[in-house]
Amino acid sequence: MSQQFNVAIFGATGAVGETMLEVLQEREFPVDELFLLASERSEGKTYRFNGKTVRVQNVEEFDWSQVHIALFSAGGELSAKWAPIAAEAGVVVIDNTSHFRYDYDIPLVVPEVNPEAIAEFRNRNIIANPNCSTIQMLVALKPIYDAVGIERINVTTYQSVSGAGKAGIDELAGQTAKLLNGYPAETNTFSQQIAFNCIPQIDQFMDNGYTKEEMKMVWETQKIFNDPSIMVNPTCVRVPVFYGHAEAVHVETRAPIDAEQVMDMLEQTDGIELFRGADFPTQVRDAGGKDHVLVGRVRNDISHHSGINLWVVADNVRKGAATNAVQIAELLVRDYF
């Protein structure tokens, strides 16, 4: 990558935005000039990037014509407003919010799963980053899907509070400190107390009884696999862990496959770290700061002749958001610029 690119991060002061900055630097993305953008209240804040100090600018006053690629993670409403403006100025926007994910002409991309979909960015100059839980699940399931097909996915997620941003992290920390010191916990970000608790609700409830987070996994899986016939049955749970999401995944395959075959395939797949036997990954011990999807507890389902069980763990802020976006940008500049 000898060519250099002007890159903007919109939502630069949020948890994902700050991690995007780290990942761009760690992966040595070919940045010529970096622009950090946020709302007026964050204007003037500074960050270090490649040995230089970069000042956060007010997005309302920014000239998008300076930028080749923009990574958006400032919330759906702001993406709805600014992504079309940036795209019209010639910027390729990689959006981390859910706003554009279900538009038929916007590609929804996990680089390890459907990299060919990136080509569709030319439709509107926008690429959507999937939901964190969908990303890690589909990276793990792609080898199985390619080998024997998947009829149905049952998944229960155990999602950390960082999925709700800095407010979620602060609420868990604050509630834990208060409760351990004998004070009542205040609840603002989540529907119930999150400290020492599990909440089977992420996002709002839909008319069918599922939450929006759960339905995201359904819609996104079908779109990314380009397979509307695949059935997905999710339950999404918020747990009192700061970083990292875990998932108990059960799949019914279109043809039987042995767990040993599955493990052999996973072991040979880029982006996956496999744990065999009695060893297994956890959010706290293994996921933090990693860009791989971690898979363990792979076994045949004793109740179904074509069933496979997996335990899937990843850093939701990195692979579930920032790293996936940067990986999309890497493919974009490698194959399309």
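Just so it is clear, glycine is given a Cβ too, placed from its N, Cα and C backbone atoms.
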Per Swiss-Prot, member of Asn316, Asn324 binding NADP(+) alongside Thr13, Gly14, Ala15, Val16, Arg41, Ser42, Ser162, Gly163: Asn316
Least buried by Cβ count (within 10 Å) of the recorded positions Ala15, Cys132: Ala15
Listed recorded positions among Ala15, Arg238, His245 whose Cα sits within 10 Å of Cys132 (active site, acyl-thioester intermediate): His245
Cβ-based isolation winner (fewest other Cβ atoms within 10 Å) among the binding-site residues Gln159, Asn316: Gln159
DSSP-derived class (H/G/I helix, E/B strand, else coil) of Asn316 (NADP(+) binding site): coil
